[in-house]
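TrEMBL has this to say about the protein:
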- 963-978: compositional bias 'Basic and acidic residues' (COMPBIAS)
- 993-1006: compositional bias 'Polar residues' (COMPBIAS)
- 13-101: domain 'Ig-like' (DOMAIN)
- 198-284: domain 'Ig-like' (DOMAIN)
- 291-378: domain 'Ig-like' (DOMAIN)
- 381-468: domain 'Ig-like' (DOMAIN)
- 472-558: domain 'Ig-like' (DOMAIN)
- 565-660: domain 'Fibronectin type-III' (DOMAIN)
- 662-760: domain 'Fibronectin type-III' (DOMAIN)
- 765-867: domain 'Fibronectin type-III' (DOMAIN)
- 932-953: transmembrane segment (TRANSMEM)
């Protein structure tokens, strides 16, 4: 017979459409329960209700659609929808098997629920009632008043404006589009409470727990009362909230986590806090899982004599149980089939025979739900040869090209490549009896189109298979074993190469289980783990795969963490001054313990304060501790490794030592006066381990130094750290001792220290004060010392008070605020600087000690000379055309004298003009005859010559651009050197100001005063000349403050401005 594929193949039923498992219907509508299936022959349908056969024909309201199993229940002629509630299941049958639907639980929607919502009122305000729900007009919700997820309305605290008579709850049923309203209630507010610690209104009790199924959304709620209204914060114990899936709702009172997984299990806690305090509620979240498919059974088509299998693998929490059915009946009660073997989640078929077609059902169920899958096994004679099949294989792999056939009589089969006439067999090719062509090792040259031809007496048939050879997928740089510290970031590399025509997928496994990313970040060539912790330890496998092959690389991550706390502390070998402490080390968490720190706490003087006692190597777990007398010891141990310190161990039992006399005296003893007739003796008290016995006291002794008078003494309690001696002479040295004593005796004799009684104000002022003006901003002072006995204390400094009386410029307001300049130590001269030029000043001198200033000296008056003016406020250049230039400027902010003019200098280059504007208060000096100036001019002349040569070369290449001065703007007669539109560059244009000297770096140095301010000590500034800067490169900021005005000194300071006119 000829070869062909028959499309009218017998096929067992397959469910194609069904209603949802939990089916809620509107009582006002008719009911439709869907069930549709396909198969050959067309299947017939039947139903069960609550596990029993449901006779559709007996109920006039129930009908079944034609060519379908969908049930329709019509209530137009009466009837109650509630009478049809129950569990329904559909059966689709034909000659080759039976398929079944899910169990459909039908429920009619209910409109009334007496517990729809409640109004929860906190007890922060004393109330008469606890009320129901919200008003007809929507209640404004905020942090204080909000609605819970279950519809309850919560008041964190109640205000007077909450007093209403018509609170009511309106519940809207979205499914039936109806609204249910509860009766209104009245809320009366009687008494206000100003503050109250937060407490939780929901959840009730502590802690609470909540179970959620995998893949569902988790909603946690914490609603708290308190005054003021508490804020809510959420945390997860031992980690962060899930990134990207977490959302805070209802004014942070609700935590919404989408699509939960097993890693979301754990303890969550909410913190409610206000200024009164904080409350905490712990919610234990348990993630369970309804069954989900790992490997859903698929339809199986077999020819007689073939083998096959059905696999049904599911997972869940708890682990689901697997039940097999055949044609809707438990497989255990079905007819025996020798070719079928059931093993757990797998059914194996060996040498299957005709007549074994059936529909198998797999039911995977646990307490949270079930999965039901239909898969038929169809046993028919067949020809399966997909036409023009494309097969992709990896280079050097064994390859099988299938060409399944059958016929009567049995045909012969041959293979050809790329239309060539020779049969493929031998060498790299091997033809099998079942029609499969095996390529032992696929090479690039094996790529092409292969044709299989089957022939018998009745005809022939052929099919083509196109073979493509692909490069293998390889990991060229895989992850390496790593030992990171807890909290660090780890990068595991995974670089791959693959065939560019194949889609590459890189995935990661942890301990051979697909890795949940969480805080990890997967890149194209690696995996980054942020803030590694103990749970990240394990084997990481990089899997690089395409549709044809895959490659893997594995590495182990060992996490170094802080050690666990030591435990089981024990005290042995008890003696008067020592004890042996033994402990059991905790886990070192992959990083060896290097040290143990022993701490102690005593409960007599500083209870609750832990102090370091000693430190020991990590190789020991027992140590002899030296003890002090009269201490009630309690010990704990901390383990240390390279990562950090463990939590402290639990405390040991207490051990009390006997008392003894003190061995130490207080330290830090000193004496100083706080008034002119006293001396305060202070010291650092003994620590708890230095007391050595009960009733600690301090014996305070003092006497004047260099006298033979006897010691005065006082005994004070051990909790005192100072004693005040009164009626002392002014600033007198004393010998001081402080000795410790307890009920067991006295400490050794204390060392003697020297202290001083209090100071009084100085009695004399500096005399013979002389003043010399140094320059426009500084004066030098000289004075005679005061007698030591008039200081009445320790001389601290001489101080000059000075103030600006007026400016020599008319109509210029000045501040008369007093300023001071200090001269430390016992000295007789100094410098007062930062003065304003051209001003009248007054000055007074005082001597100061630790108590304060003495009387003032006679007032001196002096006048500062003129200084260099500050820069003009602005300098502008306007260029309306190429022949004229207009210059504008403003007077300087600080003239520092009588302005007598401005100097404008300019210099032309091949494409620009340089301008220099100088204001001055004195006529410029002629320095053109000085040697340094002649040398500088020679250098400038050489530079100008070079520029002229360049200009000549450029002018020979292009047109001329004459420039002339703006005749409307008169300049200094010395600077108007114009001849036929060109500038005259004479030495006059480069004259510096009189009284100034130009240095090589362009600054102007002072020549008027040869006095060195260094000779006057540390009292003032070391230099007083003003630095120059370019005009146009500054911004003038007006400031009337005294400290902003001294912008000039005696030295002349030019300001340059360079503008390009090209």
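Every residue gets a Cβ built from N, Cα and C, even glycine.
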Segment-segment contact (the domain 'Ig-like' (198-284); the domain 'Fibronectin type-III' (565-660)) at 3 or more Cβ pairs under 8 Å: no
Residues of the domain 'Ig-like' (198-284) by DSSP state, where helix covers H, G and I: 3 helix, 50 strand, 34 coil
Secondary structure content of the domain 'Ig-like' (13-101), with strand meaning DSSP E or B: 7 helix, 47 strand, 35 coil
Taken over the domain 'Ig-like' (472-558), the model's mean pLDDT: 91
DSSP-derived helix, strand and coil totals, residue by residue, for the domain 'Fibronectin type-III' (765-867): 4 helix, 55 strand, 44 coil
Residues in the domain 'Ig-like' (381-468) grouped by DSSP into helix, strand and remaining coil: 3 helix, 41 strand, 44 coil
